[in-house]
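Below you'll find the structure, written out as structure tokens, and then a few comments.
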């Protein structure tokens with residue numbers, strides 16, 4: 001006798017511990033096997049792009065903090081660079097270096113959180129996450145020293161950064177960088193060789209090269225699929241052409257590759273930071289920029305390599321105090337577009353592993 | 001004076017389980033804190049000792065919510081069906097020579113029979129909740145817990161053969177050296193299978209908070225949830241107690257009184273379980289099943305055959321020969337089996 005079975009629909013989210021915020025997935029399941037997925041966005045939508053068009057350029061900097069709140073510094077940097085392009089402002093050398101230092105620290109902090117949450121998603125009882133947060137905390141302390149904030153930094157300004165680094169910053173940073181390789185090896189030992197992590201992540205949720213490109217995936221999701229594309233190398237911005245670092249790539253684009261790319265990127269960030277400290281010049285941290293900004297009628301798309309991928313700001317100026325159009329190319333949202341292809345045929349438990357390996361922040365998916 | 005014996009031991013067992021569970025809750029929360037570089041609960045009482053009591057009061061005072069579409073009688077009964085057997089297991093655990101509620105000559109059989117009932121309670125909870133996450137948890141319960149019973153029983157049979165008795169008291173007495181030395185493979189299989197039975201990491205798929213929220217417990221609140229929580233810890237306590245009795249010499253030990261030895265061994269086994277919880281992520285249900293049927297089951301059968309051979313030839317009496325032989329055999333078998341074993345993970349199901 002053949003048993004009659006039925007597919008059934010299950011909602012993962014909007015409130016689910018593993019959707020990294022308020023995200024909803026409508027799954028159709030056959031037992032535990034996923035036969036259809038419909039991602040539904042918008043539960044955190046704040047109309048941020050529209051709001052930005054009603055505020056002047058400077059007042060929009062805090063909005064960028066709230067996009068990907070795990071990498072506020074890089075969001076600041078991308079937006080400031082966009083407006084600097086409109087205004088043709090040259091940023092002083094020291095400020096450029098400080099920006100790179102902040103961006104790389106932020107990349108480390110974001111990847112640490114990303115890996116930690118990924119481990120939580122595959123069921124590790126918080127231990128790896130809390131180990132990651134041990135180091136992330138040190139980075140957050142550094143940000144706190146520099147700008148007095150711990151999450152929404154709002155540190156960068158058009159023409160530089162809001163204030164110079166305090167005296168205690170560099171010694172603390174050096175101490176962090178000295179310890180970091182040891183800590184990264186510790187994560188490696190705890191995670192990369194863990195048999196259960198391997199069976200949960202290796203070969204799971206493969207995103208093939210072609211699909212990754214066609215879905216315009218970016219960041220570790222793209223590089224995990226084996227494509228060596230990093231804006232810091234391929235379209236060097238700021239002063240990234242002055243540093244030596246490698247672009248890690250994965251082999252087959254599975255969940256494990258995406259994790260491994262992130263871990264290696266933390267190592268590379270340490271390399272960049274060491275060079276940046278050694279080269280850090282003295283001098284101004286702010287160019288001369290008028291208080292009220294009115295860029296001439298023009299438009300720009302300026303992108304940086306965020307921790308999650310290409311983070312771009314498309315800003316159209318019409319000569320007034322407010323941007324005419326303000327649009328964010330958010331890597332989290334675009335990386336999600338390949339989610340369905342990655343999920344079909346896998347099980348409910350894999351959903352969390354695959355979803356966690358994309359490393360999204362809902363703040364920038366729903367703007 | 002039989003009734004006095006039963007009344008007294010029922011009380012002792014009850015107090016032992018409840019205090020044991022409270023201690024475990026505290027010990028695990030503090031221990032996990034240490035593993036995870038954080039202090040853990042330390043506000044209520046010295047070293048946070050009153051934390052379990054505070055938790056208990058909180059759980060008691062919470063509102064009891066039942067989903068509108070739930071199968072109410074089943075939903076109500078499920079926590080009790082799960083909790084009572086977890087408690088009843090201790091009737092045959094000896095705290096000293098003969099110091100037990102009932103010295104059944106089929107003690108082990110009783111434990112296996114009674115502890116299996118917990119599965120029914122968990123399935124009732126998942127099924128009756130009218131929640132798809134709970135349903136997934138319930139389906140996983142049946143698949144996982146029923147499968148793991150088999151290697152669990154087979155691993156215990158080794159000790160039964162060596163002792164020549166099903167009574168736990170006799171098994172303790174039969175241990176010239178703790179059976180873990182003559183049954184290292186049996187102990188490994190027992191611990192793995194038992195951790196799957198009691199739903200502990202890396203086999204905690206029934207509640208899997210990051211996947212199916214809390215599985216079968218999703219729709220439980222207040223004291224009914226509290227009962228499931230107690231069940232989980234009571235089961236952990238019983239698994240630790242059975243492991244100590246069967247493999248670690250139970251109450252036997254020098255100088256200190258028997259029950260102190262038993263408690264020390266129970267805490268040691270529990271510490272191991274806690275350590276695993278702090279370290280490992282969770283497996284996937286098909287991997288868990290593959291691990292049971294393709295790895296643990298053949299190993300436990302091999303262990304059984306080897307033990308039978310040992311008992312038949314009388315080798316097990318020669319401790320100095322049996323211990324190194326068994327340790328070596330266990331290592332070789334585990335390595336060989338792990339080379340053959342594939343979880344079957346890493347392929348999308350089409």
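Going from the start of the chain as shown, residues are counted 1 onward.
Backbone N, Cα and C define each Cβ position, glycine as well.
No curator has checked TrEMBL annotations; they are predicted automatically.
Per TrEMBL, the features are:
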type: TRANSMEM; residues: B:6-27; note: transmembrane segment
type: TRANSMEM; residues: B:76-96; note: transmembrane segment
type: TRANSMEM; residues: B:108-127; note: transmembrane segment
type: TRANSMEM; residues: B:148-168; note: transmembrane segment
type: TRANSMEM; residues: B:180-198; note: transmembrane segment
type: TRANSMEM; residues: B:233-252; note: transmembrane segment
type: TRANSMEM; residues: B:258-276; note: transmembrane segment
type: TRANSMEM; residues: B:288-312; note: transmembrane segment
type: TRANSMEM; residues: B:318-337; note: transmembrane segment
Range from B:6-27, B:233-252, B:258-276, B:318-337 with the greatest count of C-beta pairs under 8 A to the transmembrane segment (B:288-312): B:318-337
Intrachain residues whose Cβ lies under 8 Å of the transmembrane segment (B:258-276), provided they are six or more past its termini: 20, 24, 27-28, 31-32, 35, 94-97, 99, 191, 195, 200-202, 236-237, 239-241, 243-245, 248-252
Per Cβ pairs under 8 Å, the stretch of B:76-96, B:108-127, B:148-168, B:180-198, B:233-252 packing most closely against the transmembrane segment (B:6-27): B:233-252
Positions on the same chain near the transmembrane segment (B:108-127), where near means CB under 8 A and six or more residues out: 71, 74-75, 77-86, 88-89, 91-92, 134-139, 141-142, 145-146, 149, 152-153, 156, 160, 166-168, 171, 197, 199, 206, 215-217, 220, 228, 231, 235, 238, 242, 246
